[in-house]
Amino acid sequence: MKRLDSSAITAFKLVPSNFPSPSCDTDQKNSATIHEESRQPCKGLINANRFDDFGLKDTAKCFSECARSGNESCNLGNLQRYWLNYEIHLAEESLTETVNMGFLTALVKNISTSISEDLHFSLTPSQVPKQVTEDEHQHPDRVRLPRSLFESFQGSRPMVRLAITILDVGSGNVFKGPRLSLGDGSSVLNNHVVGLSLGHINVTGLAEPLEITFSHQHQPPNVTLSCVFWDVTKGSSGDWSSKGCSTEFGVNRTICRCDHLTFFALLLRPVLDQVTVKALTRISQAGCGTSMIFLAFTIVLYAVLRFSRQRFKFEDAPKIHVALSVSLFLLNLAFFINVGHGLKGSDAACWARGAVFHYFLLCAFTWMGLEAFHLYLLVIKVFNTYVGHYFLKLSLVGWGLPALIVIGTGSANSYGPYAIRDKKNTTTLELCWFCEKTATSALYVTVHGYFLITFLFSAVVLGLVALKIFTLSSATAGKEKGQHWKGVLTLLGLSSLVGVTWGLAILTPLGLSTTYVFALFTSLQGVFIFCWFVVLYFPSQSTMTSSSGTARADQALTVSHE
């Protein structure tokens, strides 16, 4: 049975403080503090119950300003309550019938309680919602409200006022809630939430549910979609909930059926089931263990060559290769410790494991970028490349820059427990990394953004080197056989140094197969580096006379003498 409750929702109100007595210094300070805080729109105080154009636009700025986790100038609870109250304001007090702003579109319509058919409205985000006929092809985004919803009011009122809003909440933290772990790629579809309200009339327990259709592109198999509504009773500031809602999946659309009126959205969450997580973990552990062995061989081999070959003491190229090997070895070791211990130990120990793992990950990214920088000097900018104390300066960047980033990230208390969950919200893997709920921005900037910058730089340099190699091979095609294949092998070797295999992370949203490939190739990077090191510094006699120009240059270049 449906249940229609006409109880009023108490609106959030700003109660201004009385001016303090001049004789009370403490009250003056408190009043000044309150007044200062009330001037910040993202505190949700100054614009509370102010729903004119200025108040709406001023509050909407917080969608981007509150993207930084831990932003003290933001009060998510107040902001979310503001938009819920605005929807009530539209239905109860607003004289306008439509609202059309860049971040908000709304329709307010009087509905007769004696209607004879269901109502349909289009929800195209770029347009104001409008009433339409039932046409599936022309209106891919739409809502259907059953006539039984309005018929139940026939005994008490001839008409009700309906407000439909489409709100673009941006990529920040407003209307994201604890349920969304933004660091793993979870999101609200198109960052749009749909609001349905009859003002102060609280509608729950509908016998015939309403339907909201969200159109979208075909989603990969490791992404789950779920219909949710904003539940103000969850936590201190609300959260998304699926209670009373069902989800029907289609090829390019998802239909949500819910038994109440409020704000709705479609959540996209990448998930890995427990079997897949275990398989990926075992592949990574096996690959990382193998890599650690070969990386240790590479380090020992360099130590032997440094004592047996005098020129190794002055060449910078092998030093850079070994520095990368050391960073990867320590990264693999930190991975084993982190995954093996899970969340065991104190909060401080978990914080430390997360920070150490983050540090060596950044060190690996940095040294890959420095490999690309050295390659640029080696092959592209051949002349006038003398740099005093070259390797020392590279080391300061390779080990020092990640330390500064980790110190800054750690000071914001960004490290802590992190969990991977499946479609049933069951935890499949726990480790110490970035806090799920409070360190989203730090993760995006210091890991995703940092990696993207180094990867793009390395890819550009590798592309220039490929152009140089194959231009040279075409010029000497008649003089030396097999030059083309040597160039290909050289590029493969160089790609292991600059971390091209990490670029496979960009393809992981395509499906589980690319995720397996990414886990395999990145964990075996140490093996590839060892093979390149052996081929480079232990060439056969034939290779000594006909090796590629890149390999000969790498062996012979001395950028500086320390």
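Backbone N, Cα and C define each Cβ position, glycine as well.
If you look up TrEMBL, you'll see 119-274 marked as domain 'GAIN-B'.
The domain 'G-protein coupled receptors family 2 profile 2' annotation in TrEMBL covers 280-537.
Cβ atoms under 8 Å from those of the transmembrane segment (289-308) belong to residues 318, 321-322, 325-326, 328-329, 332-333, 336, 523-527, 529-530, 533-534, 537 of the same chain, restricted to positions at least 6 beyond its ends. Per TrEMBL, the feature transmembrane segment maps to 289-308 (among others).
Sequence-distant neighbours of the transmembrane segment (320-337) (same chain, 6+ residues past either end, Cβ-Cβ under 8 Å): 284-285, 288-289, 291-292, 295-296, 298-299, 302, 353, 356-357, 360-361, 363-364, 366-368, 370-371, 374, 391, 394-395, 398, 497, 523, 525-526, 529, 532-533. The transmembrane segment feature in TrEMBL is assigned to 320-337 (among others).
Here TrEMBL flags 357-378 (among others) as transmembrane segment.
What TrEMBL lists as transmembrane segment is 390-408 (among others).
TrEMBL lists 447-467 (among others) with the feature transmembrane segment.
Long-range contacts of the transmembrane segment (488-510) within the same chain, counting only residues at least 6 positions beyond its ends with a Cβ under 8 Å from a Cβ of the stretch, are 185, 220, 222-223, 270, 321, 324, 364-365, 368-369, 371-372, 375, 451, 454-455, 458-459, 461-462, 465-466, 469, 517-518, 521-522, 525, 528-529, 531-532, 535-536, 548, 550-551. According to TrEMBL, the feature transmembrane segment maps to 488-510 (among others).
According to TrEMBL, the feature transmembrane segment maps to 516-538 (among others).
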* Asked: If you average the pLDDT over the domain 'GAIN-B' (119-274), what number do you get?
  -> 86
